[in-house]
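**Q** Mind having a look at this structure? Questions to follow.
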Amino acid sequence: MATGDIRNNLKMLSSEIRSVKTPSSLVNLEGMMAGDPEVYLPIYDYLFQWYNTKLANEILKRDLKLPPYKHNRTKFLDAMYLVLRELFQWKPPLSTAQFFSSGYAEKKIIMCRDVVKLIKEYSSSQRAVGQAATSPAGTASRPRAQKVPLAKSNAGVAKVGQQSAAPTNGTLSKEKPPSSKAVLSAKIDTLLHHLMEVQSSVKALKEQMLLVMNQTETMLDQVLPVVTEIVDELYKREAADVAQTSTELRHEPDKDVTETATVKSKGEVLLD
């Protein structure tokens, strides 16, 4: 996409983002217009880890998991660039330093739009592969048509037609039953079809389990730092309370000594 019309490029990016059902809470068009790199990170996180199950599983299989962008945005972008190069054979037009700078606003918009298009094309190709894989099973489940021997001559065709049209001895001619070989072949085709359905179901279940594991790990990565921070704060407060209690205990003997000295001085005055 050519540069020079940032508003039109932003409009096209907004259309592409809506086409992949990106949550509106993740989209900040004003930040994109200003070249803010932070507004792109949640969109990229959604595209690579939540939009397409097959893509998320493929990233896990290749050991290219993207870390949480809130913890380390540089590592997140480096991992995303690695996925784009290895899985999509696509080189990002901006370096990491350029992306996180305040400039290159239009190039960031164009790059994001190109990434959305790449992921949409990947999803479409995966759907096409899935349909191609299941189409032979659909044809295999259909019963095979019985082969009818061709007539050797027109006279033979006419004779067959007359025999089929007219009843013989008051009864209609019966069709020849299918051979045992044809019946066995049809049963085998049906069994293969069911086996392929089971295989597809197991594969889909495995992909769902991998995605759930990935999502759980991501959630733990986000929750653990918060829990650690809370525990540290509790330890700090407990240490402060212990220190305050120790200080108070040290002051109590000094107070008793002071009171004793005061009483003694008063007694001396009375004696005098």
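Start at 1 and count along the chain as shown; that gives each residue its number.
Just so you know, glycine gets a Cβ as well, placed from its N, Cα and C.
Annotation source TrEMBL lists domain 'Centrosomal CEP44' at 5-125. Look at TrEMBL and you will find 130-179, 245-272 tagged as region 'Disordered'. For 161-172, the entry in TrEMBL reads compositional bias 'Polar residues'. The compositional bias 'Basic and acidic residues' annotation in TrEMBL covers 248-258.
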**Q** For the domain 'Centrosomal CEP44' (5-125), what's the model's average pLDDT?
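**A** Reported value for the domain 'Centrosomal CEP44' (5-125) is a mean pLDDT of 95.
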**Q** Where DSSP helix means H, G or I and strand means E or B, what are the helix, strand and coil counts for the domain 'Centrosomal CEP44' (5-125)?
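**A** Going through the domain 'Centrosomal CEP44' (5-125) residue by residue, I get 85 helix, 0 strand, 36 coil.
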